Amino acid sequence: MAPEQREGASQVSVTFEDVAVLFTRDEWKKLDLSQRSLYREVMLENYSNLASMAGFLFTKPKVISLLQQGEDPWQVEKEGPRYFSLGLKCSHRTTKSTQTQDSSFQELIVRKSKRTFAFEPLNMKSENLFIHEGKLEEKWDKNTLTVERSHKNNEFSPKSHREKRSSECKKQISYLSNPPGITPDKRYKCSMCEKTFINTSSLRKHEKNHSGEKLFKCKECSKAFSQSSALIQHQITHTGEKPYVCKECGKAFTLSTSLYKHLRTHTVEKSYRCKECGKSFGQRSGLFIHQKIHARENPHRYNPGRKASASLSGCQRAHSRKKTYLCNECGNTFKSSSSLRYHQRIHTGEKPFRCSECGRAFSQSASLIQHERIHTGEKPYRCGECGKGFTSISRLNRHRIIHTGEKLYNCNECGKALSSHSTLIIHERIHTGEKPCKCKVCGKAFRQSSALIQHQRMHTGERPYKCNECGKTFRCNSSLSNHQRIHTGEKPYQCIECGMSFGQSSALIQHRRIHTGEKPFKCNTCGKTFRQSSSRIAHQRIHTGEKPYECNTCGKLFNYRSSLTNHYKIHVDEDP
């Protein structure tokens, strides 16, 4: 450091307050989820860095405890912030920069995170130091431990000075980051599995996998996580927030990785090319599936795995190494062996997770947890518009369409708009007549798997859905929901024409036909039309002569249940 630059420096102790940003309750409410996520990352990282530098025990600040537990950090106002001093000497650069009241959140966080720290081990000589914004470097003075905190100041750091120090920085970082005898990949080793990490914070995060320690708990569903970033990502499932928006089409996503995959649908980029025929693919899994065609044609000469690797550039291979576990059945790749094992259960049909209440089995533990909520009645996912609760995030997302009216997928046959691609596929089977889900017992086929599962309960006698009020059991959840409205008196389905309310959506659909005059059910014999399917079935008995309703008293037969009910009154009147 030049003498003229040293003159404005002063020595003070570093406290947690120096690297902390605190918000009032009102300020915290104004932050969106991405801003809160950034705040948590900066605060926890700063605390971790200071704690590792201190070398002795100290009281954990309340704001850090709140952040680790997933609580709102403004609650710390009740006690007042408590800070600890590391007892380190801090060189304050002379600065004229001030923090204005109208500074944006991003500027505030970046300003705090730019207060960087640098160390160098004892007996290492390093006369100069180039401060990196937002980076942590180690520098120890020969006799005293110093922490240099840089401020954004044009007078202190003119452009010429930055350029001059730039080349020096590159040399020093290589030396400071990698002291003699210590390789960058083997600084911090896990005692359990001997995996190595380049810094202590990464090692601590990894060790939580062995200890099972999960400090970050969701307030909505009580699910716990070992890392704050995982909790933040999980909380999005409750709020339904989708902060990652595609600039091309406006579609929103909960994860940045989902947005990245989606963006490739807009570009013509197809970076995975088959060397055999030249065909290109946007995703590596697509290339693997395609290469199986060539592998079947010439299995001795062609190796799908090797070809996939050879067809990528050096940079692409570096990215592709992240997914090293390949499914031999379908060609999909996965980041971990556990993810591959979960996936392979789709092909093997293995379902190791069984419900203790009804005996139903699942391939994944998450599916079992979601299913168990049917028995417990737990509904952790709540709609922000109407307050209605749901057992899964997918059901909540389907419900939200009622409020937003968003329907993105149109049927080419009838023009009907649907909210999801999977719903569109099931709907299209109405037009094609396709029924891929077949019952192995009686051979009856269905358009969707959920209908088949409900049907199979007729053969097994299984009725897993029980009413807590009267104990009556049902084969499907929707039947239970409809039944429970008898006890509650709830009628959520209202006709917009006359205001009449109904307990079931099917009853509302039938009622609307009174206003529209629609009669979609036609008799194939005489051409007469009906508003309800049951009315057509009853009418067709006139042509077939079928009389399924028999009087237990006199044995007389009837076409309609209502006719049998009226007939019973004759016997009631005859009784003395």
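Glycine residues also receive a Cβ, built from the backbone N, Cα and C atoms like all the rest.
The feature domain 'KRAB' is assigned by Swiss-Prot to 14-86.
What Swiss-Prot lists as SUMO2 cross-link is LYS125 (among others), and the listing cites similarity to another entry.
For LYS159 (among others), the entry in Swiss-Prot reads SUMO2 cross-link, with the evidence type similarity to another entry.
The motif 'Nuclear localization signal' annotation in Swiss-Prot covers 170-189.
Residues or ranges marked as zinc finger in Swiss-Prot (evidence: sequence analysis): 188-210 (among others).
Annotated zinc finger per Swiss-Prot: 216-238 (among others), in sequence order, evidence recorded as sequence analysis. Counting residue by residue with DSSP, the zinc finger (216-238) contains 11 helix, 4 strand, 8 coil.
When secondary structure is read from DSSP and collapsed to three states, LYS242 (SUMO2 cross-link) falls in the coil class. Per Swiss-Prot, SUMO2 cross-link is recorded for LYS242 (among others), and the stated evidence type is similarity to another entry.
Marked as zinc finger by Swiss-Prot on the basis of sequence analysis: 244-266 (among others).
According to Swiss-Prot, the zinc finger annotation covers 325-347 (among others). Secondary structure of the zinc finger (325-347), assigned with DSSP and counted as helix (H, G, I), strand (E, B) and coil, comes to 11 helix, 4 strand, 8 coil.
For the zinc finger (353-375), the residues of the chain that approach it from at least six positions outside its boundaries are 342, 345-346, 391-392, 462, 464-466, 477, judged by C-beta separation under 8 angstroms. The zinc finger annotation in Swiss-Prot covers 353-375 (among others) and is backed by sequence analysis.
The zinc finger annotation in Swiss-Prot covers 381-403 (among others) and is backed by sequence analysis. Taken together, the residues of the zinc finger (381-403) have an average pLDDT of 79.
The zinc finger annotation in Swiss-Prot covers 409-431 (among others). Broken down by DSSP into helix, strand and coil, the zinc finger (409-431) contains 11 helix, 4 strand, 8 coil.
The zinc finger annotation in Swiss-Prot covers 437-459 (among others), and the record cites sequence analysis as its basis. When Cβ-Cβ distances below 8 Å are used as the criterion, the zinc finger (437-459) is approached by residues 426, 429-430, 475-476 of the same chain, each at least six residues removed from its ends.
Annotated zinc finger per Swiss-Prot: 465-487 (among others), in sequence order. A Cβ distance under 8 Å defines the sequence-distant neighbours of the zinc finger (465-487), meaning residues of its chain 6+ beyond its ends; these are 374-375, 377, 454, 457-458, 503-504.
Residues or ranges marked as zinc finger by Swiss-Prot: 493-515 (among others).
Panel annotation: around the zinc finger (521-543), residues 510, 513-514, 559-560 of the same chain, lying at least six beyond its termini, place a Cβ under 8 Å from a Cβ of the stretch. Per Swiss-Prot, zinc finger is recorded for 521-543 (among others).
Long-range C-beta contacts of LYS242 (SUMO2 cross-link), restricted to its own chain and to partners at least six residues apart, with a cutoff below 8 Å, comprise ILE236, ALA252, PHE253, THR254. Residues of the same chain lying 6 or more positions beyond the ends of the zinc finger (381-403) and with a Cβ under 8 Å from any Cβ of it are 220, 237-240, 370, 373-374, 419-420. Secondary structure of the zinc finger (549-571) per DSSP, as helix, strand and coil residue counts: 11 helix, 4 strand, 8 coil. For the zinc finger (381-403), the DSSP counts in helix, strand and coil order read 11 helix, 4 strand, 8 coil. Residue counts for the zinc finger (353-375) by DSSP state, with H, G and I taken as helix and E and B as strand, are 11 helix, 4 strand, 8 coil.
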